[in-house]
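Heads up: the structure comes next, in structure tokens.
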Amino acid sequence: MELHTSPTDSEAPRWARRWLWVAGWYNLIWGTLTILFPNLLFDLVGIPRLNYPEIWQCVGMIVGVYGVGYLIAAGDPHTHWPIVLVGLLGKIFGPIGFAFALFKGTFPPLFGLTILTNDLIWWVPFTYLIWDAMNYRGDQRPSKNALQHFIRESRIAATPETVFQFHESPEALEKLIPPWENMKVSESAGSLKPGSRVVLAGKSGPIPMRWVALHTEYEPPRMFADQQLSGPFAWWYHRHEFIDDGAGGTILRDNVEYVAPMGAVGRILGGWLVRRKLAKMFTYRHQVTRQIVESGTCETSAQQK
């Protein structure tokens with residue numbers, strides 16, 4: 001299997017590095033001030049000082065440690081995205097805790113100013129940082145232990161040549177995208193041969209998504225394959241196989257090896273969800289293929305051209 005890579009693929013966007021650099025220094029400054037002047041914030045907002053200011057100083061130390069982490073992540077956001085994820089979780093749970101304290105009357109609303117600068121303003125950039133890391137592809141095939149596999153097979157009452165011909169038709173990909181997926185073909189070379197690529201663009205909820213795939217293998221009418229260059233998976237390699245069943249039909253097999261995004265977190269929390277989504281998607285693709293091929297629509301279209 002040939003992997004097509006580019007030396008610039010590992011470079012994170014400049015904005016990602018800048019946001020992490022700013023976050024790192026902000027945390028270091030805030031943490032240092034809290035350690036040196038543990039009563040300052042309480043005096044400013046009119047809250048009685050803590051009996052044990054050392055507790056608040058420990059909070060400053062933790063915030064400062066996060067600052068060091070963000071500065072490390074700024075050097076390579078694609079590699080150190082887990083630091084950003086942990087930071088984002090803290091910035092989500094912090095406001096939740098403050099909301100409970102505000103409801104109980106423990107903290108005055110003015111104390112929420114620190115929630116605004118410490119937490120809320122970082123939600124959007126940190127979310128996009130993580131999303132960018134999820135769409136980043138590595139240059140090397142993952143280890144066997146990291147890879148996950150998905151296979152879907154079904155029989156089509158047509159020859160491998162006919163089924164392959166449908167997949168090679170220009171309109172095939174558009175027809176095979178499930179209607180519930182908000183994706184469109186934005187770029188296509190109109191070929192399945194190695195070196196040609198396809199770009200899908202759309203949204204996953206409110207977040208824009210772009211999937212770039214490169215065709216890497218081509219053996220008509222037996223198989224073709226494509227590799228994700230960038231997209232939602234940490235790794236994706238898809239073999240489309242067309243096997244003669246010896247009875248005038250074809251076993252259509254989609255053989256996918258993939259790695260879910262977000263590393264171990266993605267495997268643990270999202271593994272079942274990914275497989276469920278793949279099963280639904282490929283069931284639809286096989287149904288559409290069977291309907292079009294067995295009706296003879298693709299042959300008629302090819303003859304007209």
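Glycine is treated like the rest: Cβ placed from N, Cα and C.
TrEMBL: automatically predicted annotations, no manual curation.
Sequence annotations record features per position, and here TrEMBL assigns transmembrane segment to 20-42, 54-73, 79-103, 110-131. The domain 'Coenzyme Q-binding protein COQ10 START' annotation in TrEMBL covers 156-281.
When each of 54-73, 79-103, 110-131 is checked for Cβ pairs under 8 Å to the transmembrane segment (20-42), 54-73 comes out on top.
Computed over the domain 'Coenzyme Q-binding protein COQ10 START' (156-281), the whole-number mean pLDDT of the model equals 91.
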